[in-house]
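A.B. asks: As annotated by Swiss-Prot, domain 'UmuC' applies to 14-198, with the evidence given as sequence analysis. Swiss-Prot lists D18, D116 with the feature Mg(2+) binding site, giving sequence analysis as the kind of evidence. Sequence annotations record features per position, and here Swiss-Prot assigns site 'Substrate discrimination' to F23 based on sequence analysis. Here Swiss-Prot flags E117 as active site, drawing on sequence analysis.
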Amino acid sequence: MLIFPLLNDLSRKIIHIDMDAFFAAVEIKDNPKLRGKPVIIGSDPRQTGGRGVVSTCSYEARAFGVHSAMSSKEAYERCPQAVFISGNYEKYKAVGLQIRAIFKRYTDLIEPMSIDEAYLDVTENKLGIKSAVKIARLIQKDIWQELHLTASAGISYNKFLAKMASDYQKPHGLTVILPEQAEDFLKQMDISKFHGVGKKTVERLHQMGVFTGADLLEVPEVTLIDRFGRLGYDLYRKARGIHNSPVKSNRIRKSIGKEKTYGKILRAEEDIKKELTLLSEKVALNLHQQEKAGKIVILKIRYEDFSTLTKRKSIAQKTQDASQISQIALQLYEELSEKERGVRLLGITMTGF
């Protein structure tokens, strides 16, 4: 039974489409000899001195614990038999535009989240189809027949639940969460599977004895806000499936960044520079996925005494290149760093799109 019927617009029909291992799938489509093999999109660490991050990987590679944003070195250690392929982002962008064109056959209310995923509001759609399930199946069919790629689909009455649904059965899955099913669906879900709940937050929730959606549902809102601030308010709403943000076809992202808090204070300059390089590669990956390039690099450093400093640098030409971002970040570090102070957090952000 729903405990939050008045806090959601239950009439919306939202589809979340997420391409399955998109970059790897495009490469396998173009080279069928790769089918069935562990394929990793990213620099081969044997050729880069261990540098690089995984953009994505095939499900065969995921079986070895490889995942997006993992360092290429660790990916190789987990799966030495993998085929490493440097990303061809222009090719992926072209395929992404073909997928976007398929979406537009059904609705113009499309909110792309990256090159390989988007929300679609099909409450009112171009073909007058009443069933969101039918539309999702037609989209999956179109993508397969025209591009020989698979996509997973999630359907619900808001974006949060649609995203949770698309993640539930992959690859090539289709999951529907009806209003009367939402509470039970979220209750049984591991808290680490909640969209928008990061690793550090999961660890803190575990310390509170929260491991599932059912556990989270029992925590009072005031307790969550006291422990997590604004995030606590969001967690309280997620436990109840509340998400009122509409699908925004003109969504504009103003910045893309990555930051990491270190459990062990970083003191060695070599370690700090290594982490900055890795963060730069992750930011570059996100830029490619979001089809963005920026002209401003922002470095953030939080020291062991919790004091935080930021410094930015503008460049003449927009970039999404990992090596260029890394070079600028390292330069900013040299200008900003107080070498005798330990570092507990590093962050790199690109803006100026």
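Glycine is no exception: its Cβ is also placed from the backbone N, Cα and C atoms.
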A.B. asks: Check D18 (Mg(2+) binding site) against DSSP and tell me helix, strand or coil, would you?
C.D. replies: strand
A.B. asks: Taking only same-chain residues 6+ apart in sequence, whose CB is under 8 Å from that of D116 (Mg(2+) binding site), what do you get?
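C.D. replies: Long-range Cβ contacts: D18, M19, F22, F23, Y92, G96, I99, Q289.
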A.B. asks: Mind telling me which of the recorded positions F23, E117 has the densest Cβ neighbourhood, counting other Cβ atoms within 10 Å?
C.D. replies: F23
A.B. asks: Average the per-residue pLDDT over the domain 'UmuC' (14-198) and send me the rounded value.
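C.D. replies: That stretch averages a pLDDT of 95.
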